[in-house]
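Asker: My questions will all concern the structure given below.
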């Protein structure tokens, strides 16, 4: 069960894994996520499903190494089993023909953005995608995004690929040029915060897909709570998508840092142990 | 034969008669109630060793001999699963401990669990002759239940209840907590093909993620689960009905009946300022990190906050579990903040006593009104308000009223909010036709536990909104009996 079928490196730190999960592949919709645990000492972490293939009975997850748990997932090889995989979780993306869509993806946020772009395009929308990363080697899934977009703008912080600048600059360029009916924003918290401020300035309805700390992913722990429009909501069962203009991103960023020290320590320990294993 | 005839017939057995004659009632009632051997507070408060260590055989026999084997055993009516209490107690008195365990299992799939976590003082023991008529300490039925169940587990001679030949009818159980396990046990006995679908990666529900090791060791739960496995019950983890597959998908796969025991998994918060600060978390999160994810053990990836000054908000068993867990994680000062007085506390008497012995501070008639954070958004203080008791509310408990101008500030670097849970919304959301109350609980016929969808039955916290292990198990048993009736009628048609 849950065997890794294929593995692809986008960069040293960003890996795509195709995993056998026939029930999830069949049930999932754009916007859904899964909880993943690797090994019996592993932690449960949420990952948004990037794509799925019902015939092959597989789902694809794009994972960036940021700590021990994501590292363990990226270290899985073809043929390995994922210890625990459960889903699809969360509310699916609301898809309709809005008109013109501005789809904004930062870093690995492009992975969960892909199925949303695909479905919005299928629903008859004109889709303009802006994808951004620090540098060229961190831009992922560009071809797949292009396949389902009418236009794609690539932004890099250092100008090593596409246009030089932040994602918000690419967004402004489109907004100043044509009428946008709906924006979708997915990426690191800080990027979403500023992307949301940009669309708010222009009164463009926007949704953001949030990725917070979760333990169970089914509503039980409440670790994922965020303030949306002054009310506490659970990302796992109420989200992961919310009105981007109503999300308290500062609070979300603060809550994400709650275990930062533990994470850094654990990662150092893990790397140290792995290195020693290599020597032996 | 109805139940009271059955009880009478059992009581008339020659060995019971001989036992009754062996000792005068006066002699029995003159014995003092046994004291449960416990790990010393100073040692146990920093370790996960089980607090109650269990009765010795001598203690158990002695305690069992206090029971006068009443002609009308009122204790049974106090038990939600109607264990034949005198029969198991008398088996202990005559030294037939394995036989006693068998009696427990006639009606209770998880005796070693119930012996530890049931609020006996409100159930069987509250209805004991000693309590009702002599106004003295009741027979320690809970301790004896645990004794017999543990004895059986340790003997290696675990009796597996008799299972009827397979009838080939598939039924699904949603959730592997106490309600689902009790349901599964009864349905397996009746010959059904039972599959338990569990959302988490471990079987046991609240028994695993909720109740800590020092009160209910996971190994005890695993033995009971293994018994169900031997009875033919199948388990599938990482399966969320309503998400991984719908009820319709499962019907297509041949399931004829569904029992929903998905629990009250959604933690409640108080919606006061600062509740989303770092370091303020639900008891569910706190306990799950430790009990399910092993965050307190070396080598586990899941982290947990290790506060020095920990405040737990609430007065239930989960609050007691959380505050005592904080001690074991090395906290220097731990407090319970509860808005009513000790008397109204819903926690088991024993849990409160254990917490007090271990050095937990009880700030009763106090209520948090705001959490104050530092410049990094981490909680550092709580603004607390004093309360007094007013008129009784709908639950019959006197409702707390805030005392004007009584606010003060205490220091805390970790706050665990344990003020109750709401039903988990995932399954009801996936079934728009399913009738739910405005609190989100599934509405069922009180006698049959059948929901508004005929092949779906429900019980435990998803119906009650937040109750006890044993009430959930009682529901599981009741639902099994009525689903059996329903499916028998269906196949006749």
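Glycine is no exception: its Cβ is also placed from the backbone N, Cα and C atoms.
Note: TrEMBL annotation is automatic and uncurated.
Pulled these from TrEMBL:
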type	residues	note
BINDING	A:62, A:63, A:64	FAD binding site
BINDING	A:221, A:224, A:236	[2Fe-2S] cluster binding site
DOMAIN	A:1-95	domain 'FAD-binding FR-type'
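Tell me what's around each of these sites.
Answerer: In the three-state DSSP classification, residue A:63 (FAD binding site) falls within a strand.
The Cβ neighbour count for residue A:236 ([2Fe-2S] cluster binding site), using a 10 Å radius over every protein chain in view, is 28.
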Asker: Show which residues of the chain containing residue A:221 ([2Fe-2S] cluster binding site), separated from it by at least 6 in sequence, have their CB under 8 Å from its CB.
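Answerer: Same-chain residues close to residue A:221 ([2Fe-2S] cluster binding site) (Cβ under 8 Å, separated by 6 or more) are A:214, A:215.
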Asker: Mean pLDDT, the domain 'FAD-binding FR-type' (A:1-95)?
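Answerer: Summing pLDDT over the domain 'FAD-binding FR-type' (A:1-95) and dividing by its length gives 93.
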Asker: Near chain B: which of the binding-site residues A:63, A:221, A:224 have their Cβ closer than 8 Å to one of its Cβ atoms?
Answerer: A:221
Asker: Would you count the other CB atoms within 10 A of the CB of residue A:63 (FAD binding site), including those on all shown protein chains?
Answerer: 24
Asker: Report the residues of the chain - excluding A:221, A:224, A:236 - with C-beta within 8 Å of the mean position of the site's C-beta atoms, for the recorded [2Fe-2S] cluster site, in sequence order.
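Answerer: Those within range, site residues removed, are A:212, A:213, A:214, A:215, A:216, A:217, A:218, A:219, A:220, A:222, A:223, A:225, A:234, A:235, A:237.
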Asker: Around the recorded FAD site, report the further residues of that chain (criterion: Cβ within 8 Å of the mean position of the Cβ atoms of A:62, A:63, A:64; site residues excluded), sequence-ordered.
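Answerer: What remains near the Cβ centre is A:14, A:15, A:16, A:47, A:61, A:65, A:70, A:73, A:74, A:108, A:111.
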Asker: Which number gives the other C-beta atoms within 10 angstroms of the C-beta of residue A:224 ([2Fe-2S] cluster binding site), all protein chains shown included?
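Answerer: The answer is 26 other Cβ atoms.
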